[in-house]
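As recorded in Swiss-Prot:
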type     : residues : note
COMPBIAS : 60-71    : compositional bias 'Acidic residues'
COMPBIAS : 236-246  : compositional bias 'Basic residues'
COMPBIAS : 428-449  : compositional bias 'Acidic residues'
COMPBIAS : 488-509  : compositional bias 'Basic residues'
COMPBIAS : 542-553  : compositional bias 'Basic residues'
CROSSLNK : Lys64    : SUMO2 cross-link
CROSSLNK : Lys97    : SUMO2 cross-link
CROSSLNK : Lys256   : SUMO2 cross-link
MOD_RES  : Ala2     : N-acetylalanine
MOD_RES  : Ser6     : phosphoserine
MOD_RES  : Thr51    : phosphothreonine
MOD_RES  : Thr85    : phosphothreonine
MOD_RES  : Ser142   : phosphoserine
MOD_RES  : Ser155   : phosphoserine
MOD_RES  : Ser156   : phosphoserine
MOD_RES  : Lys190   : N6-acetyllysine
MOD_RES  : Ser247   : phosphoserine
MOD_RES  : Ser441   : phosphoserine
MOD_RES  : Ser442   : phosphoserine
MOD_RES  : Ser445   : phosphoserine
REGION   : 30-131   : region 'Disordered'
REGION   : 231-251  : region 'Disordered'
REGION   : 422-553  : region 'Disordered'
MOTIF    : 253-257  : motif 'PxVxL motif'
Amino acid sequence: MATDMSQGELIHPKALPLIVGAQLIHADKLGEKADDSTMPIRRAVNSTRETPPKSKLAEGEEEKPEPDGSSEESISTVEEPENETPPAPSREAEQPKGEPESGEKEESKSAEETKKEEKDQSKEKEKKVKKTIPAWATLSASQLARAQKQTPMASSPRPKMDAILTEAIKACFQKSGASVVAIRKYIIHKYPSLDLERRGYLLKQALKRELNRGVIKQVKGKGASGSFVVVQKSKTPQKSKNRKKGSAVDPEPQVKLEDVLPLAFTRLCEPKEASYSLIRKYVSQYYPKLRVDIRPQLLKNALQRAVERGQLEQITGKGASGTFQLKKSGEKPLLGGSLMEYAILSAIAAMNEPKTCSTTALKKYVLENHPGTNSNYQMHLLKKTLQKCEKNGWLEQISGKGFSGTFQLCFPYYPSPGVLFPKKVSDGSEDEDEEEDEEESSEDSEDEEPPPKRSLQKKTPAKPQGKTASMKQRGAKPARKVPAAQRGKVRPLPKKAPPKAKTPARKGRPAPSAVKKPSGSTSKKPVANARKEAKLPGKGKSAMKKKSFKTKK
């Protein structure tokens, strides 16, 4: 054991210089390799990774010392290059592995960026798709409330709160003004998107604002309670403004193409067709004189008659039910003539859904009906309005791109006959006025005819009075002839009584009575003559009085 320990002690110090020399040789080789390579990072990696095997070798040598130094040198020199060579390819293999990882990261980043861009685009599209309700849309109360709830508050096309307040006050106005309760109910019912039940402060702020401006006046109560009235503006400044405007040349009011488009779509849409229920609804609403609700058979008979004549085509259904389509000869429809046929024509044209139109037809319509000052500028405005309406959700482009293709109305639009065919309605109103005038004139003539009947009825009982008067005249006329001295004096009387031609027939009758009567009747004649001559003028009366005195004497 002692010999072993001594040998171990002698061998161990000898092995140390050999190991140190091997390390130095190895370090020189590593320096040469590092100079040859272009990557500076490998030095640190090699130094860190090469140290552990040397320590292991040292430990192994300490644990298992060998007697031969040459063998140790050979082993160390052989084992070290074997351990050194394999790490190089592993590092080189690690580098290409790192490169695909970085590529994968870049690809993932690019994919995330594309996803974000797609999300942004989708959000922008959603913002564009959000619909607002146009002013021309004909919706029922339930449809309007539903649409207003669906549309966002910011993009809803309602007026400002001040305008809504004045509108509500005018609508709810009574003798004592419009109460706040009635105003609140009106706004909640008509503008549900305001959500005034939760946000009551909007009404209070609007009331305060309008009171300060002097637009409204508080009749009763204080603060945000009581009754309010809209202050009427004086008309004098308006008159002066109108005079100033009248002095200058009045330019034609420019019509917005936004308001023109729905009517253009209804007129230009082809083919025009509508169901029986829609036709009946329209006719009963705008033509109450026809009484379609009470007498639906009239409408059914008119539809069947139009189909038989070839003025309409029945696409679906049988009899008077189903869908009917208008037929045209050129641009004019075949249907027309009577009031019922005209009502059916306007109903089918108005209730046709969906309403579509091409851009070429729209251009032609705008240039013909709304040419403006410059046609090119008008086409530019049409393009801009189409884009605006498409963003607002009023129109939808079915085919084509940009300023070409076909567009469709997204909301229903049912115009009245006066808007659809204003010329025909004006002609019809003139005809109706003429008919009414004729009826009134006939009624007046009928009213004028009965009065003569009444006069006759009144005259018939008065006939005996006339007879008595004639008898008195007959009795009076011969009495006038009796005094012979008076004929020369009383000459103006025949001028006042021209009907002397009739007297001869009447004069002949009393003559026999005078002959028949005895002489005793002469005493009665002067009394009668005195009574009747009292009716004569003053001169005659005085003369008659003198004669009466003479006769008495």
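Numbering starts at 1 and runs along the chain as displayed.
Using N, Cα and C of the backbone, Cβ positions are placed for all residues, glycine too.
In the structure shown, the C-beta of Lys190 has more C-beta neighbours within 10 angstroms than that of any other entry among the recorded positions Lys190, Lys256. If you measure from the Cα atom of Lys190 (N6-acetyllysine) to that of Ser142 (phosphoserine), you get 11 Å. Ser142 (phosphoserine) has a Cβ environment of 8 other Cβ atoms inside 10 Å.
Between the CA atoms of Lys256 (SUMO2 cross-link) and Ser142 (phosphoserine) there is a gap of 29 Å.
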